[in-house]
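This report concerns only the one structure given below.
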Amino acid sequence: MKTNFVILLLLLCVFAISPSQQEEINQHNPGIYHQKLLYKVQQWRTSLKESNSVELKLSLAAIVAGVLYFLAALISSACGIGSGGLFIPITTLVSRLDLKTGKRFLGQYLIWVILLLGQLHECKSCIEKERVALLDFKKYWMSITQESDLDYVFPTWNNDTKSDCCQWESIMCNPTSGRLIRLHVGASNLKENSLLNISLLHPFEEVRSLELSAGLNGFVDNVEGYKSLRKLKNLEILDLSYNNRFNNNILPFINAATSLTSLSLQNNSMEGPFPFEEIKDLTNLKLLDLSRNILKGPMQGLTHLKKLKALDLSNNVFSSIMELQVVCEMKNLWELDLRENKFVGQLPLCLGRLNKLRVLDLSSNQLNGNLPSTFNRLESLEYLSLLDNNFTGFFSFDPLANLTKLKVFKLSSTSDMLQIKTESEPKYQFQLSVVVIRVCSLEKIPSFLEYQKNLRLVDLSNNRLSGNLPTWLLANNPELKVLQLQDNLFTIFQMPATIVHELQFLDFSVNDISGLLPDNIGYALPNLLRMNGSRNGFQGHLPSSMGEMVNITSLDLSYNNFSGKLPRRFVTGCFSLKHLKLSHNNFSGHFLPRETSFTSLEELRVDSNSFTGKIGVGLLSSNTTLSVLDMSNNFLTGDIPSWMSNLSGLTILSISNNFLEGTIPPSLLAIGFLSLIDLSGNLLSGSLPSRVGGEFGIKLFLHDNMLTGPIPDTLLEKVQILDLRYNQLSGSIPQFVNTESIYILLMKGNNLTGSMSRQLCDLRNIRLLDLSDNKLNGFIPSCLYNLSFGPEDTNSYVGTAITKITPFKFYESTFVVEDFVVISSSFQEIEIKFSMKRRYDSYFGATEFNNDVLDYMYGMDLSSNELSGVIPAELGSLSKLRVMNLSCNFLSSSIPSSFSNLKDIESLDLSHNMLQGSIPQQLTNLSSLVVFDVSYNNLSGIIPQGRQFNTFDEKSYLGNPLLCGPPTNRSCDAKKTSDESENGGEEEDDEAPVDMLAFYFSSASTYVTTLIGIFILMCFDCPLRRAWLRIVDASIASVKSMLP
């Protein structure tokens, strides 16, 4: 009720305007909707304040009109009329009233008033026939819906006779007749091959709009057949988009609906040539949307649709530029959307015939050449997009010079051969509101921009522009809201001293700007919402004037050379900041030692600076909103303060590579929403916390500290990544509480002892396992073949990417909404160090591009332990493994031939063990193998050759004196070489036990022969026998003398 009174008061203000202003309303807004009305009211009231010549008067007509508007609002609300209801006809009526016609109101519009008031006395509910039909429709719909979703099928539709079906969801009725005029059925979980029985819609004789985006396969009517839709003689709008299962067999049904003015078949997976001939009877069609399918030419048959004004063929696979000849014959077109197809070649000259065309979108094709000269005939053109094409050579704007109505122009090229032809004379007659010329190898700003006065969005990014930033664009265009100049070669940024502008989005990142940020930037741009000046060469202090940017929500100045302390005015004045990125600079001093005004801060990144001292209490200003905090790579000292656990909204915390001491506060790891915590590279001591908080998988980095004691079993309950490398942890490998979530486990360089737990075999989602440089002993469990070491349903990224559409709408039409999209990303890069190919490298994940190297790394490192026994042949089933390192242990027996199944292996290190036998010839099938090291073992036989083995040098085989052949300098016996080549190395596996048997036999024979010889010698009387007996007697006498 309060809303209705406000509308009434607004209307009274509306009619207190001049006749000329009222005439403008009549011409441009014959039907005013609510939000447009409020905008107009504000606009007109502003203009009245600027004009003192207009006297505010209130006519009787205005009062009557306002009352009618109020009554219509009240009744529309009571009758459940959506989208305007009675507002539209009454607004159309009262918008014709002004002060001059007010006196003639009762005479000229009396009949309309009588008819209107006659209809206001009551609202009609839905008729019984249609209520029953709706219940039948619901029953049928439930029969084709999956059982799991039955409770969601039109829950407000019930069989209560007191229930007004006009109030049901998805329904709109005519307020006077009570007849259904709109039926909307959204996405549903339907059974396969579900067909809609159109005869169920026949009772709705006055329906005007059918929206069936539900997942149907088609239509059926066993009585009327293809002619079924002709029963709906008032049907004007048919929306069948997003069904995804339709094909061309529905077109005969649609062709019968000859009253249609709007048809949408968007996103239905329709393939092949579209049979336009099958909808040739839709002669009243004004809008046709076939976007997001897999359609291709020819387009013959489109010419039958002579009244068509809007055609959307975007996101298909049309390719031949000659197919547009058919489109050129459609001279009544207002909008033509052909973006994201595969059109190749130059634009045809015939497009110039479409002199009524207002919107033309040709973006994301493979067009080349230049604009046709005939484009100068497109006198109605308002919107032209040529983004993401393959334009080359000189590109001229001359064909657009006389297009006085042009408001939006967009151009970019996938080729680096494009050169923009610039003009020196101001001959262009258009006044643009949006200009986008990006990725065009532009070296000079087009001169026509100097004469534009109404620009609201300018995007000149990804070019080769140099010199001064074009701040003159601000002076010339007071309504400019968005200025994007990133990825250029600008070197100087100077702000005019006197300017104060309304600019809200400024991006000049990735340039070559050096020197100081302008001192007056905060005064000149006080209304900025977002500013990105990252990846430049700025130096010096932050200007204190930035504290005047009270509305700024995002500031990114990372990757520069700023220095000094953060200005006090900055940390107290920018109270709207949500995202602050100052990474990779030289800021110094204590970090936020006092309270700040950052009460809304969600993301704070100050990593890789020179901040010193303890972690400042200023962080507590945003204790409930702060989600991302990165203070890594600074010079922070002291303990980790216990109050940091009050930052209850933290999801990412990184304070690695500082000089923090003391123990880890258990309450810090108990924060409920943490997804990543990195405390590595400090001087932390004490034991590990017993558990971590959070409901999701946590990535925990504690490596390179001085932590001691055992690893608690409960610590592993919720982790996805656990990095404990290079501490002083002891005890055995913990019992894993939850083995499903862990996919990176790194425990290198500790003092772990005992055998390898068989629970390691339950790490089914593991990608990287590093237990090297410990004191583990015993056998390698053969059950390790259970490990996946391959792509699973896990990913290494941490963070969010938020897409936000700003409130600006620079242009809007049937198919096009030109607004400004802001993407805010809060990704945290993950660094994992792992030994591969004889190097200890870093592998990164969690970048914004989702092609992280870390996502493709699968490895196992058990080196530098005390493991013994045989290498389990079952390890050969780890086919996705890229790295295996078993070096520096006490492993014996032979190399399993099953290792030939390691198809993706790149690095295999078995060096410094006690392996015997030969190298299996089958290993030459490992086509990805780059590093192979079996040095310092007891291997023998011929070194295999072929494929990757031809690339390995002698270092791979050092310390194996019984190996022969290339690349060693030891030759092999010719016969042995022949035998081994014939046997393919398979018999070599049996050589080890045969050689050992011969060794044992020869040793025993020698021992027995020696004993027999001594015995025989004693049986003969000879000087040797007597000498031996004397020695024995002397020895006995000596022993007796020693006894008491």
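Even glycines carry a Cβ here, placed using N, Cα and C.
Within its own chain, ASN159 (N-linked glycosylation site) has LEU135 as residues 6 or more apart in sequence whose C-beta sits under 8 angstroms from its own. Here Swiss-Prot flags ASN159 (among others) as N-linked glycosylation site.
Around the Cβ of ASN267 (N-linked glycosylation site), a 10 Å sphere holds 19 further Cβ atoms from the protein chains shown. Look at Swiss-Prot and you will find ASN267 (among others) tagged as N-linked glycosylation site, backed by sequence analysis.
In the three-state DSSP assignment, the secondary structure recorded for ASN390 (N-linked glycosylation site) is coil. Within 10 Å of the C-beta of ASN390 (N-linked glycosylation site) there are 16 other C-beta atoms, taking all protein chains into account. Taken from Swiss-Prot, the feature N-linked glycosylation site applies to ASN390 (among others).
Non-local contacts of ASN532 (N-linked glycosylation site) by the CB criterion (under 8 A, 6+ apart in sequence, same chain) comprise GLN486, LEU506, ASP507, PHE508, SER509, SER554, ASP556. What Swiss-Prot lists as N-linked glycosylation site is ASN532 (among others), and the listing cites sequence analysis.
Annotation source Swiss-Prot lists N-linked glycosylation site at ASN551 (among others). In three-state terms derived from DSSP, ASN551 (N-linked glycosylation site) belongs to neither a helical nor a strand segment and is classed as coil. Of all the Cβ atoms in the protein chains shown, 15 others lie within 10 Å of the Cβ of ASN551 (N-linked glycosylation site).
Swiss-Prot lists ASN561 (among others) with the feature N-linked glycosylation site. DSSP assigns ASN561 (N-linked glycosylation site) to a strand segment in the three-state reduction.
DSSP assigns ASN586 (N-linked glycosylation site) to a strand. Its own atom aside, the Cβ of ASN586 (N-linked glycosylation site) has 13 Cβ atoms within 10 angstroms in the protein chains shown. Taken from Swiss-Prot, the feature N-linked glycosylation site covers ASN586 (among others).
The N-linked glycosylation site annotation in Swiss-Prot covers ASN623 (among others), and the record cites sequence analysis as its basis. Under DSSP, ASN623 (N-linked glycosylation site) is assigned to coil, being neither helix nor strand in the three-state scheme. The Cβ of ASN623 (N-linked glycosylation site) lies under 8 Å from the Cβ of ASN646, LEU647, SER648, GLY649, each of these being in the same chain and 6 or more residues away along the sequence.
A sphere of 10 angstroms centred on the C-beta of ASN646 (N-linked glycosylation site) encloses 14 other C-beta atoms. According to its DSSP assignment, ASN646 (N-linked glycosylation site) is helical. The N-linked glycosylation site feature in Swiss-Prot is assigned to ASN646 (among others); the stated evidence is sequence analysis.
Counting Cβ atoms from all protein chains shown, ASN786 (N-linked glycosylation site) has 16 others lying within 10 Å of its own Cβ. If you look up Swiss-Prot, you'll see ASN786 (among others) marked as N-linked glycosylation site, on the strength of sequence analysis.
Long-range Cβ neighbours of ASN925 (N-linked glycosylation site) (same chain, at least 6 residues apart, Cβ-Cβ under 8 Å): SER900, ARG947. Following the DSSP three-state reduction, the secondary structure of ASN925 (N-linked glycosylation site) is helix. According to Swiss-Prot, the feature N-linked glycosylation site maps to ASN925 (among others).
The N-linked glycosylation site feature in Swiss-Prot is assigned to ASN969 (among others); the stated evidence is sequence analysis. Sequence-distant contacts of ASN969 (N-linked glycosylation site), defined as residues of its own chain at least six apart whose C-beta falls under 8 angstroms from its C-beta, comprise GLU954.
Model confidence over the repeat 'LRR 14' (527-549) stands at 96, taken as the mean pLDDT rounded to a whole number. Here Swiss-Prot flags 527-549 as repeat 'LRR 14', drawing on sequence analysis.
What Swiss-Prot records for 648-671 is repeat 'LRR 19'.
The repeat 'LRR 27' annotation in Swiss-Prot covers 902-926.
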So what's near the repeat 'LRR 19' (648-671) in sequence-distant terms, Cβ-Cβ under 8 Å and 6+ beyond its ends?
607, 615, 623-642, 677-694, 700-702, 798-799, 826, 828
Spatially speaking, which of the glycosylation sites ASN267, ASN551, ASN561, ASN586 is closest to ASN786 (N-linked glycosylation site)? Use C-alpha to C-alpha, please.
ASN267
Write down the Cα-Cα distance for ASN551 (N-linked glycosylation site) and ASN267 (N-linked glycosylation site), rounded and given in Å.
40
Where the distance is taken from Cα to Cα, which of the glycosylation sites ASN551, ASN561, ASN586 turns out closest to ASN390 (N-linked glycosylation site)?
ASN561
Cα distance, ASN561 (N-linked glycosylation site) to ASN586 (N-linked glycosylation site), nearest Å?
6
Between ASN551 (N-linked glycosylation site) and ASN561 (N-linked glycosylation site), what C-alpha distance do you get in Å?
25
Quick check: in three-state DSSP terms, what is ASN532 (N-linked glycosylation site)?
strand
